[in-house]
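Found this in Swiss-Prot, in case it helps:
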SIGNAL    1-20  signal peptide
TOPO_DOM  67-719  topological domain 'Extracellular'
DISULFID  CYS108-CYS260  disulfide bond
DISULFID  CYS129-CYS148  disulfide bond
CARBOHYD  ASN141  N-linked glycosylation site
BINDING   HIS156, HIS160, HIS166  Zn(2+) binding site
ACT_SITE  GLU157  active site
CARBOHYD  ASN223  N-linked glycosylation site
CARBOHYD  ASN259  N-linked glycosylation site
DISULFID  CYS270-CYS432  disulfide bond
CARBOHYD  ASN319  N-linked glycosylation site
CARBOHYD  ASN441  N-linked glycosylation site
CARBOHYD  ASN542  N-linked glycosylation site
REGION    641-668  region 'Disordered'
DOMAIN    672-712  domain 'EGF-like'
DISULFID  CYS676-CYS687  disulfide bond
DISULFID  CYS681-CYS696  disulfide bond
DISULFID  CYS698-CYS711  disulfide bond
TRANSMEM  720-739  transmembrane segment
Amino acid sequence: MLWTLPVCLLSLSFSAHIAAVSIQHLSTGHDHDDVDVGEQQKDISEINSAAGLNLFQGDILLPRTRNALRDPSSRWKLPIPYILADNLDLNAKGAILNAFEMFRLKSCVDFKPYEGESSYIIFQQFSGCWSMVGDQHVGQNISIGEGCDYKAIIEHEILHALGFFHEQSRTDRDDYVNIWWNEIMTDYEHNFNTYDDKTITDLNTPYDYESLMHYGPFSFNKNETIPTITTKIPEFNAIIGQRLDFSATDLTRLNRMYNCTRTHTLLDHCAFEKTNICGMIQGTRDDADWVHEDSSQPGQVDHTLVGRCKAAGYFMYFNTSSGVTGEVALLESRILYPKRKQQCLQFFYKMTGSPADRLLIWVRRDDNTGNVCQLAKIQTFQGDSDHNWKIAHVTLNEEKKFRYVFQGTKGDPGNSDGGIYLDDITLTETPCPTGVWTIRNISQVLENTVKGDRLVSPRFYNSEGYGFGVTLYPNGRITSNSGYLGLAFHLYSGDNDVILEWPVENRQAIMTILDQEPDARNRMSLSLMFTTSKYQTSSAINGSVIWDRPTKVGVYDKDCDCFRSIDWGWGQAISHQMLMRRNFLKDDTLIIFVDFKDLTHLRQTEVPIPSRSVIPRGLLLQGQEPLALGDSRIAMMEESLPRRLDQRQPSRPKRSVENTGPMEDHNWPQYFRDPCDPNPCQNEGTCVNVKGMASCRCVSGHAFFYTGERCQAMHVHGSLLGLLIGCITALIFLTFITFSNTYQKLRQ
């Protein structure tokens, strides 16, 4: 059994819906003997440089005749077909599906499983993280290599495939950032080139320091402490290269490019900042009304702006301090039309009146006659006299049009000096998080802790019955760099352990530090995820699998009266500087979501690709100029990867996206060789790369055309041939008549 270090406990108060937690102060000079935490997340440039890749702009596999952002034919037809190749790590598959959900939540871009389409994306695990730009009108790869399986990195590569280049490639780049050319690695200078408006477009948006497509300050640097790119406004140096999520400008460009007018999974959102309260209505059969109030009164602080702005910051309020016990007020949403069968209603609330007050959530459903009037009670929240805003999640399962309804009920007006508050409502067609951990007074926690100190969450259960939790290191581990917050996952013993499978494998742990931005489309939350495996062992438990039964490999935790396994996560999950930005710490509160999902069904996802000759429209872009690269050393299709890429490539035959013929082992030099260089087509035929095979487009004129695999056979058009035969026949006839007439004259 593991030895434990002495701790002293500092009590903190948290939201009523979670158990009490304590800060565990570790003895100086000791690290956690029962912790196995990964390194800080690496960026794309680091991953690809370590893999020996020297791609265009660092992570773009560039065809020779594609001008993606300016070329309308490079826009994808939605939804985009995709394949998850079986050489992908299981965690990468889950992360890709998670990234898809972000696109669906924040744009009209959608994805569908491949069903034989000519254009599709296949996600594979090669060396590094890279993509092509735009729809190539044939199957194309996105590489999610080792270390690339983070939501933000995957979103970055998908944005390339959708048609976007890097932010610092803009024509006006030098107005906003400085490039330190002497600090760039030799042969990597091309990654910092800019391109004119004929090549890329900014879609009429300003330069975006916060873009997910921007390089970080230390990209491709010679010296790890000296940046290659800095911002002319110094405050943005810590922002460029963020790998949290899409920026607001990223989404503006994406939605403009694909003409999005709405998203797929966001059904409703309301921060109550407008007088029309987002189309919500007061009930007509209740006793009182919800009141639309602002933050101007003392103690009346909204959640959206937390009282930071005068004459702004609105919320809905139901006063429970007067009237009669049992009086109710109803607040109903507009009629909503779901596309999926599950929704998550998230909102912030507080109940400052009597503990007997209640907040009920109802849905009003279609009664099969077209009227939305059939009521069903979903969940009840009891008063707690807590003056702090709390987050709540309610799962709905609506398949027809409906309304959601908030009912406030007065419990004991005589003992109430407040009421019920509502703010920042979001309804999405996504699952609700399994576990929600709220940590209050986070600034005090950061100030009163040192490296190695930790907070442990209460126990949560997933749908299978596994108990789990999160460990927060406010100032990182003892071995971490200063100024970072660490985050790790662990298992708890629970009531269901006897019947559960151990060790628990193929489950993805997802930990999310919530950006409490009221509009879900603009949230830039940090999501970290990994998948459990039998190969994840620790010497601290004699080489046993970390994910075995906690009573077998864990240590006793008196806070939960249960056993807790070794932590697994990140010692430097997010910097304090980034944490202080945006809305991560709204109202001095940190909120962490945690899920534990079974990915076993994703172990085999690859589907066969039929071998066929396809002539995709728009693949041959005649008259267009290739990108002006200016450096022959820049990697292109046939020279983008080293001869020996990755020892971890699967040895069994795989069907590659660029070669859908017979099954064969990946031959990397051939795999990326351009089959049209040199041109195998004769008689001025044009060669087109179709799934890695040379396909000739033969010249056709008014009189002649060429056929054959290499355009080697010439033919005459049938109409012309008939005309020629007729002309020749007429000529012979005329010649015969002329000869006959001449002969008759000579005889006379």
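Along the chain as shown, the residues are counted starting at 1.
Glycine is treated like the rest: Cβ placed from N, Cα and C.
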Measuring Cα to Cα, tell me the gap between the residue listed as 'active site' and ASN319 (N-linked glycosylation site) in whole angstrom.
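Approximately 50 Å lies between the Cα of the residue listed as 'active site' and that of ASN319 (N-linked glycosylation site).
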What recorded positions among CYS108, ASN319, CYS696, CYS711 are found with a C-alpha within 10 angstroms of that of ASN259 (N-linked glycosylation site)?
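Close recorded positions: CYS108.
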If we check Cα distances from CYS698 (disulfide bond), which of the recorded positions HIS166, ASN223, ASN319, ASN542 wins as closest?
HIS166
List the Cα distance (Å, whole number) between CYS711 (disulfide bond) and HIS166 (Zn(2+) binding site).
40
CYS108, CYS711: which of these disulfide-bonded residues has the highest Cβ count within 10 Å of its own Cβ?
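Counting every other Cβ within 10 Å of each candidate, the maximum falls on CYS711.
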For Zn(2+), what surrounds HIS156, HIS160, HIS166 with a Cβ no more than 8 Å from their Cβ centroid?
ILE44, GLN57, ASP59, ILE60, SER131, GLU157, LEU159, PHE164, PHE165, LEU212, MET213
Given the binding-site residues HIS156, HIS160, HIS166, find the one whose Cα is closest in space to the Cα of CYS432 (disulfide bond).
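Closest by Cα distance to CYS432 (disulfide bond) among the binding-site residues HIS156, HIS160, HIS166: HIS156.
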Measuring Cα to Cα, how many Å separate CYS681 (disulfide bond) from HIS166 (Zn(2+) binding site)?
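So the alpha carbons of CYS681 (disulfide bond) and HIS166 (Zn(2+) binding site) sit roughly 36 Å from each other.
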What three-state secondary structure does DSSP assign to ASN141 (N-linked glycosylation site)?
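In the DSSP reduction, ASN141 (N-linked glycosylation site) maps to strand.
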Since the record lists CYS148, CYS270, CYS432, CYS681, CYS698 as disulfide-bonded residues, which of them has the fewest other Cβ atoms within 10 Å of its Cβ?
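Counting other Cβ atoms within 10 Å of each of the disulfide-bonded residues CYS148, CYS270, CYS432, CYS681, CYS698, the minimum falls on CYS432.
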Determine, from DSSP, whether HIS156 (Zn(2+) binding site) sits in helix, strand or coil.
helix
